[in-house]
Amino acid sequence: MIKWSIKIWSLLSLQNHLRQRPYLTFEPVTLPTTFLFPAKFIQSYVKFGGDQQIATILSSIHKGSLTPSSISYSKLLSQCIASKSVSSGMEVHAHVVRFGLSEDRNVRNHLVNLYSKCRCFGYARKLVEESTEPDLVSWSALISGYAQNGLGKEAIWAFHEMHLLGVKCNEFTFPSVLKACSVTKDLGLGKQVHGIVVVTGFEFDVFVANTLIVLYAKCEEFRDSRRLFYAIPEQGVVSWNALLSSYVQCGFCGEALDLFQEMVLNGISPNEFSLSSILSACSGLGNGGQGKKMHGYLVKLGYDYDPFSANALVDMYAKVGDIEDAIIVFEEIAQPDIVSWNAVIAGCVFHGNHDWALKLFGQMRRSETRPNMFTLSSALKACAGMGLKELGRQLHSRLIKMDTESDLFVGVGLVDMYSKCHMMHEARMVFNLMPNKDLIAYNAVISGHSHNGEDMEAVSLFAEMHKEGIGFNQTTLCTVLKSTASLEAINVSRQLHALSVKFGFHSDIYVINSILDAYGKCSHLDDATRTFEECPIGDLVAFTSMITAYSQYGQGEEALKLYLQMHDMGIKPDPFVCSSLLNACANLSAYEQGKQVHVHALKFGFMSDVFAGNSIVNMYTKCGSIDDADRAFSEIPERGIVSWSAMIGGLAQHGHGKRALQLFNQMLKDDVSPNHITLVSVLCACNHGGLVSEAREYFDSMRELFGIEPTQEHYACMIDLLGRAGKLDEAMELVNTMPFEANASVWGALLGAARIHKNVHLGRHAAEMLLTLEPEKSGTHVLLANIYASAGMWENVAKVRRLMKDSMVKKEPGMSWIEVKDKVYTFIVGDRSHSRSKEIYAKLDELAALMNKAGYVPMVEIDLHDLEQSEKERLLFHHSEKLAVAFGLIATPPGVPIRVKKNLRICIDCHTAFKFICKIVSREIIVRDINRFHHFKGEKKDRNRERHRDRDRIHDFENERGTEQDYEKSGSRERDDHERDRGRGGRERDRDRRRRPKKPRGFGFVQFVDPADAADAKYHMVGQILLGRELTVVFAEENRKKPAGVTNWERSIYCRECLPSVDATLIETFHNA
């Protein structure tokens, strides 16, 4: 073989690419000009002098002052190996070549060992290959270097070559080969090596046996590992440590604790390495209590001052979250090394104490301990957590000086830091400069793009990554699905779903939840529901995703049903679920359901959560209870801008403009700056209150006072306000001076103003612009047709309707909802599908008669159909909101407010009618239409109980808000009509009147009906009685003993609600005709 020779300059030129380790410098010692150094003196001299003394000795040899020998060079190389000083080792190697000692086996073995330990495998390999005779020590050093540096495959290949050369292994080679099998987890090859070990008789060597134990344990063959362990004749602490560390490294921390107890019971005293492994097990379990016990055991055995044990303690306390104890233990270390600093800094970062981590990093630099790449990676994470861009840049420059940019771990840390500091350009530059990009690097960049709202870049990078065959994991899928959800890219979401199924991620709960979220945000609820039903295990996140999707897309009832299913499964809700449920109730105007969810929030202790508190305020405002919303707002502990905006917007929607402005001023006094949503609510409050000058002031000053540029929404509010106030020219001027093109909301506001003021020209112009922007919306056609109809331009009305027909645009039907007893009922105009339609229309007829007497006149002019006036009146009185209110009157107890929601604006006639109805029935009526809430309140009446007696034994009855005036005006006429229907004559009617009390408060009339209509067999319904203004069904009980004092028992009238206590609720006894 060709002998290896190399020039000194070529060796020295490689120094910049190899790792170096600094050492304290000593003053150079002047050597005699002629002195033969003994080898032991060289060893001790170099040991305390370091690299500088090695250079001095080599200089003396070069000048001829010292005589070179293989032993001297071997000692120098041993010191270089101990200090891993590759530069000094190369100088020694150059001297060896120069003086012809490169063929010396001992020197060559030391050189191979040096280059292997310093990761210069090219040089080490060349030395081994150029050796004239295969040498076991050289091959063992090379294999050991590969294995210790994590290069398991290379170590195995070297072993294979050595085996082909006929070089037999010894007890020092086998541990390195077996360690390489552990690193690669190649159990098959490990078993083959195990066979060679048995054949060669080294299976009982303690080092070989321990390595075999580790091999089987790391390949998760714990039964074989334990069998080998118990086969060792003398199980020393080293063997126990090997098994303990293997369990901990494989994540079986509980089993490691059990094994430690077994070790102690067997009388084996643990050393610092045993305790360090058990402390790592406590860290893995997050068991701080057990860790403290181990701490006490460590102190008892006297290892508390051992640096290795102290570092393990700091790491344990830091990982279990006990940062204060970690710092206390750290401060007790006399001379903390780099491992100590890294443990405490990494622990602070892991638990979010970024400021503590950076303070410790500063102390470390002042202590003159040089940080390594792990320290700087932790500092980078702290900078990312606190958004410290400049400090992050400084750390990056420090890493460049350390020549660690090519390190993958450092590169990922830099990408993460720049991404979280919103510097994606720099993050992408770091990523592009990385020589070897793996899955973790791609995940970091994709996550950065997604986190910074650059969703298209995230999806594109995933496509590029998939094309290059890098592969992906559940983290990649979850991040990309989040971006597709933000983009509402349903096709890409479906492709990702297919990929997850294809590659076996469809059962991963995190991926499933991301798919649910993507389908929900893409408004494909059918796909989301199917995926949810196919999910094997539904957790809280999955239920939250589905409930949120149902809530956001108008399927509030499904959201409430799903919550009940979740409750039955025993899954405890969190504030996000409650927030989504409250939003569902708000969209449904489901007041009673909302109150129940509020109770759940109280029960589970979510009232201190700002999201839940804001959702409660929003729910009550949208369900029409502004008083409840005000009370919930006052209970929010820390009110942010969302809380204030919700309450201000709620007051505005309920028509309390001045209160909304007062609350806005209070918010400013509390030093809470408004956002653009708050100012939209303020302008809406001015709009509903007709406060034109105040609105102008806020609109003109929002840029100067609050630094907020007016958006389309602000302009739309202002234009709507001016239009409603009749300032159409000023509104149009504002449209023309807008800094951007007007959108549909602006033109819609103008169209609405044109309809109110019957401005045909403006209405036509606004409608034309709207039809260009939103041709599919039916509201534009309807409003324009109404404007033409109000002006008598019937030909234009026909054209608009023809245009709607040709464009296949259908008018959205008016619908109203009301919630009664946890159920939501829906009505449309003229609806007779309800099971109680007869009662509803009877109630409407009754209300119509009473309203006409009170002065109500139907506003038939708003019905623009070409019909007779009587037909128009009938249609007007059968509007969906009137049907809902009538049902509320017959289906809810007296005095309960009636809450109705409508999908369109409430018509003017219904608005007028409800003013009369609320006074007639003494009920509060709350109607929520598409724009705002309308409150109608009747006069409050006294509820006094009076007892009346007459010769027919009239017993106790309640005064149900009836008045004497009501009785005089309506009761007598209705009673006369009833008696006329019964066929009585005038004398009988006079006799009946004389027998009745003159003014019995509470009774209006009694109308008898067919007993077959009774629902219960025990009671038969004999009539309906008007108590005050409420028509109540009453019953008589059959086969009952006659009460004392009652003469004619044939027909006894009872209140329906009080049937269980019939004796106490006897109202009046009627006689048969």
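Just so it is clear, glycine is given a Cβ too, placed from its N, Cα and C backbone atoms.
For 135-169 (among others), the entry in TrEMBL reads repeat 'PPR'. Sequence-distant neighbours of the repeat 'PPR' (135-169) (same chain, 6+ residues past either end, Cβ-Cβ under 8 Å): 105, 108-109, 112-113, 115-117, 119, 121, 124-125, 127-128, 176-177, 179-184, 186, 189, 193, 196, 200.
Look at TrEMBL and you will find 236-270 (among others) tagged as repeat 'PPR'. Residue counts of the repeat 'PPR' (236-270) by helix, strand and coil are 26 helix, 0 strand, 9 coil (DSSP-based).
The repeat 'PPR' annotation in TrEMBL covers 337-371 (among others). If you look at the repeat 'PPR' (337-371), the same-chain residues 6 or more away from its ends with a CB under 8 A from one of its CBs are 22, 307, 310-311, 314-315, 317-319, 321, 323, 326-327, 330, 378-379, 381-383, 385-386, 388, 391, 398.
Residues or ranges marked as repeat 'PPR' in TrEMBL: 438-472 (among others). Through the fold, the repeat 'PPR' (438-472) approaches residues 408, 411-412, 415-416, 418-420, 422, 424, 427-428, 431, 479-480, 482-484, 486-487, 489, 492, 499, 503 of its own chain, all at least 6 residues removed from its boundaries and within a Cβ separation under 8 Å.
Confidence for the repeat 'PPR' (539-573), expressed as mean pLDDT, is 87. Taken from TrEMBL, the feature repeat 'PPR' applies to 539-573 (among others).
Sequence annotations record features per position, and here TrEMBL assigns repeat 'PPR' to 640-674 (among others). For the repeat 'PPR' (640-674), the DSSP-based tally of helix, strand and coil residues reads 26 helix, 0 strand, 9 coil.
Residues annotated as domain 'RRM' in TrEMBL: 923-1038.
If you look up TrEMBL, you'll see 939-1002 marked as region 'Disordered'.
Per TrEMBL, the feature compositional bias 'Basic and acidic residues' maps to 939-991.
Residues annotated as compositional bias 'Basic residues' in TrEMBL: 992-1001.
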Query raised in the report: Restricting to the same chain and to residues at least six past its boundaries, which positions have a Cβ under 8 Å from a Cβ of the repeat 'PPR' (236-270)?
Result: 206, 209-211, 213-214, 217-218, 220, 222, 225-226, 229, 277-278, 280-282, 284-285, 290, 297, 301
**Report entry** Distal contacts, the repeat 'PPR' (640-674) - CB-CB under 8 A, six or more residues away
**Finding:** 610, 613-614, 617-618, 620-622, 624, 626, 629-630, 633, 680-682, 684-691, 694, 706, 708, 932-935
